[in-house]
Amino acid sequence: MANTPHGGVLKDLLARDAPRHDQLAAEAEILPALTLTERQLCDLELIMNGGFSPLEGFMNQKDFDGVCENCRLADGNVFSMPITLDASQKTISELKLQAGSRLTLRDFRDDRNLAILTIDDIYRADKQKEAKLVFGGDPEHPAIKYLNNTVQEFYIGGKIEAVNKLNHYDYVALRYTPAELRVHFDKLGWSRVVAFQTRNPMHRAHRELTVRAARARQANVLIHPVVGLTKPGDIDHFTRVRAYQALLPRYPNGMAVLGLLGLAMRMGGPREAIWHAIIRKNHGATHFIVGRDHAGPGKNSKGEEFYGPYDAQHAVEKYKDELGIEVVEFQQVTYLPDTDEYRPKDEVPAGVKTLDISGTELRKRLRTGAHIPEWFSYPEVVKILRESNPPRASQGFTIFLTGYMNSGKDAIARALQVTLNQQGGRSVTLLLGDTVRHELSSELGFSREDRHTNIQRIAFVAGELTRAGAAVIAAPIAPYEESRKAAREAVAGSGGNFFLVHVATPLEHCEKTDKRGIYAKARRGEIKGFTGVDDPYEAPANADLTVDVSKQSVRSIVHEIILMLESEGYFERL
């Protein structure tokens, strides 16, 4: 028999409201509508299917305050993470929202109506309270950054009536709702289930620790990875799910099942661990593995951990009696080469040789194509990871040249394009400033805002091409540090590699060699907002390479760029 849901009853709103579907669908068409963000969609799905039981909607102020201050809903149930629906004052005013209003919640991906929210209250988001009490207060924490940079100024609280399920087109058979997973466990005859949460690929050590946990408790294993929103830079869920599927046959037959969880993680450490335990309880698990630094975001810019290594375990232990799910404390396992086995580190006798490969080392080996031993991971898993994470010699990159007009960046870009084409191995795309202005940004002017927009368009194109394995050479003026930083983040965020080259040719040289007389026109006032004349150029603070055409030949500069790429592994090494 599966575990009792949190709060006693599974709040499966989809099943509850199915008899009224036609009525609710018709009403949703005529109500004011709010189009949800990706994170809001993840939250809504788990509200509607009961994954967030006992919630029946987005939190009102009483629930929000109780969760932030005491880890409890207003009804007294333990709940550790604020589940809120944020909206701007502009949206609230335009839709004429107030307490008692009914609001359609819409999917941004396909414009489908998913639910109707009856508004209980609209309250100002106390971001400072949420940041401090829920996430610890460090402004570098990703959840706090999201609060400060993305979340709107008001929260809308109220209960949900479900209209339609979210559409998914990937791994549909593995996306069990809590009710479906409970039925599946019952069909298999499972009464004791250890749930394992992960946002990373699984290797031999993970298989070993989950089997050990199941063996000690005479239980089965639910591999329950997150496929919603995880930490930026994580391996994509498509790759991870293929790797989980490849790993599954390595378990004893009938021991483990794989189910996917469309959760938007907050990387909230102790608070998140409690939340994860509640979610797994709602999915029918009786036991939940909580690891070292569970759901922690890593380190801040000072190299400090956001949470203590065992804070998450202590937090779940504090509420274990009320949570109603047994916590299995993750004991890190290590490989013993002399006996070809894995053991928990605290069970290894002194002096016995052990081997480990860190996540950083694994990423390095994937990047360079170095050997990944079978004692660490299974060949079928490594094969999948290599397919999605090719070595650098097969990856794309963006060379972003910035400098004054006539600094020589266009000449460098063209020469570099020829050199890379001769090198072969990847397609090469050239994005010169004038070309982009003509083809992509013809409607933009030269205000600071328009210049920023132009650079972001270049970054978007560069990121998509780089992710597909191409070499991109961009050569805009890009005078503002803010725009260049955003461009780097955009390319890196899409999985690409970005190199900023500052063509630091002095302004005097650029003017002196200007055969088109454009600087002269700007000096006479015939051209306004001209970089270097009446608009500033902010020199890069973090260029990967700085060159100067007044002191170096184009050929030598291109050679410097090639050497930089070679040193980073972007060309085949014999």
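Each residue, glycine too, has its Cβ placed from N, Cα and C.
The model shown is predicted, which means the values in this text are computed figures rather than measured ones.
Copied over from Swiss-Prot:
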- Thr198: active site (ACT_SITE)
- Arg199: active site (ACT_SITE)
- Asn200: active site (ACT_SITE)
- Gln197, Thr198, Arg199, Asn200, Gly291, Arg292, Asp293, His294, Val333: ATP binding site (BINDING)
- Gln197, Arg199, Ala295: sulfate binding site (BINDING)
- 395-574: region 'Allosteric regulation domain' (REGION)
- His203: site 'Transition state stabilizer' (SITE)
- His206: site 'Transition state stabilizer' (SITE)
- Phe330: site 'Induces change in substrate recognition on ATP binding' (SITE)
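Annotated features, which come from Swiss-Prot, shown on the structure.
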residue: Gln197; record: ATP binding site; contacts (Cβ under 8 Å, 6+ apart): His224, Pro225, Val226, His276, Arg280, Phe288, Ile289, His294, Ala295
residue: Thr198; record: active site; contacts (Cβ under 8 Å, 6+ apart): His206, Ile223, His224, Pro225, Val226
residue: Asn200; record: active site; contacts (Cβ under 8 Å, 6+ apart): Asp234, Ile235, Arg240, Gly359
residue: His203; record: site 'Transition state stabilizer'; contacts (Cβ under 8 Å, 6+ apart): Phe376, Ser377, Tyr378, Val381
residue: Gly291; record: ATP binding site; contacts (Cβ under 8 Å, 6+ apart): Ala312, Phe330, Gln332
residue: Asp293; record: ATP binding site; contacts (Cβ under 8 Å, 6+ apart): Gly269, Glu305, Tyr307, Pro309, Asp311, Ala312
residue: Val333; record: ATP binding site; contacts (Cβ under 8 Å, 6+ apart): Ala205, Glu208, Leu209, Arg212, Tyr342, Arg343, Pro344, Lys345
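Cβ neighbours within 10 Å of Ala295 (sulfate binding site), excluding its own Cβ and spanning all shown chains: 24.
Under the DSSP three-state reduction, His206 (site 'Transition state stabilizer') is assigned to helix.
Among the residues the record lists as binding ATP, namely Gln197, Thr198, Arg199, Asn200, Gly291, Arg292, Asp293, His294, Val333, the two farthest apart have Cα atoms separated by 18 Å. According to DSSP, Val333 (ATP binding site) sits within a strand segment. Non-local neighbourhood of Arg199 (active site): Pro225, Val226, Thr230, Lys231, Asp234, Arg240, Met265, each in the same chain, at least six residues away, with C-beta under 8 Å from its C-beta.
Its Cβ taken as reference, His206 (site 'Transition state stabilizer') is surrounded by 22 other Cβ atoms within 10 Å in the chains shown.
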